[in-house]
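Novice: Dropping the structure in here first, questions after.
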């Protein structure tokens, strides 16, 4: 689960964790262990070549990110689905268990032991995370993947101006241009969605129901934008005081949300036998459970692939890949979920794609201008890789 992130959001679950921390994915060998020859086995050279391949890392990152959104959409798309809190609780349980197993295997060596004092200070941030991920799944339940992806860009605007208000700074003209394109793409996407709903069933009661469903999706999406911004900005304010290291944020977020999500599920969701049968029909029950488990593991996969991408390319390349990944992510919704392909929807996807490129370019130029006068400390790979806060 972690922080479904969207790649363009500058703040993320690990941002602000101590920039000098070594990412566990970037250095697996212990100093006490002898270096093994690269050709130790028949496939040693082949795997070593893949491990240092920029193309392989980029493809792995894109596939892990796309699969996360597609699986989330699949799970919540059932016509009778109404157990979102339960789904998110399973995600958190799986992700927490995976983190602890990775720690035991030595993959997350710098994951600190649980600290109740830190947990109390971090708990309000975890509550904001619950709001973010719940509204995210509700929006994804009512909206198509392309529209969800396009509207998710609006979070960037709210976060940017929230940073200006809370932490100072400014918004560059190029960033303003990207914001305008993001708003334009969202308007086009909404218009295309409504047009497709009306033309598909005509001006009937069915059309009214379809538009009502879309309106519910837009309402949840609007709440998700502000919940995501509140979580990211609040986390940035608190995380500097916590001295969290790599993956501590992911661990605390998932662990602390488990009891909240379970209680909310028991209080607000229908656990009757009839409702469970509706949510988990026999013909899709196994695939739903597999999807729920995978979605919890996907947070680990995304973090690994992100750190891998940064290690063999650069943080700038990683940011650009995140922007470019919006296009295949939106297209995946057209392929897997039969979202309507219209001139308006294609135009919205293209404009949203361009807005992501413009925004990434503006942030790259801004960082270069900040680095030129002085030397800035390098951000850790996992701090950069976990900027996926939000989807999904």
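Any Cβ shown, glycine's included, is placed from N, Cα and C.
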Novice: Tell me which of 35-55, 56-76 corresponds to the transmembrane segment entry in Swiss-Prot.
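Specialist: Checking Swiss-Prot against the ranges 35-55, 56-76, the transmembrane segment one is 56-76.
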Novice: If I go by Swiss-Prot, the feature transmembrane segment sits on one of 343-361, 362-380. Which?
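Specialist: Going through 343-361, 362-380 one by one, Swiss-Prot gives transmembrane segment for 343-361.
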Novice: To the transmembrane segment (288-308), which of 122-144, 175-198, 249-269 is linked by the most Cβ pairs under 8 Å?
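Specialist: Between the candidates 122-144, 175-198, 249-269, the best contact partner of the transmembrane segment (288-308) is 249-269.
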Novice: Do at least three CB pairs under 8 A connect the transmembrane segment (317-337) and the transmembrane segment (56-76), leaving out pairs fewer than 6 apart in sequence?
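Specialist: Answer yes: the transmembrane segment (56-76) meets the transmembrane segment (317-337) with 3 or more Cβ pairs below 8 Å.
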Novice: Cβ pairs under 8 Å with the transmembrane segment (175-198): which stretch of 81-101, 122-144, 249-269, 343-361 has the most?
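Specialist: That would be 343-361.
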Novice: By a Cβ-Cβ criterion of under 8 Å, what residues six or more beyond either terminus of the transmembrane segment (343-361) are in contact with it?
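Specialist: Sequence-distant neighbours of the transmembrane segment (343-361): 8, 146-147, 149-150, 153, 156, 174-175, 177-179, 181-182, 184-186, 188-189, 191-193, 195-196, 319-320, 322-324, 326-327, 330-331, 334.
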Novice: Grab the same-chain neighbours of the topological domain 'Lumenal' (338-342) for me: Cβ-Cβ under 8 Å, and only residues 6 or more beyond its ends, written as numbers and ranges.
Specialist: 144-147, 192-193, 195-196, 200
Novice: Quick test of the contact rule: Cβ under 8 Å, at least six residues beyond the ends. What residues does that give for the topological domain 'Lumenal' (77-80)?
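Specialist: Same-chain residues near the topological domain 'Lumenal' (77-80) but 6 or more away: 141, 275, 278-279, 281, 284, 288, 337.
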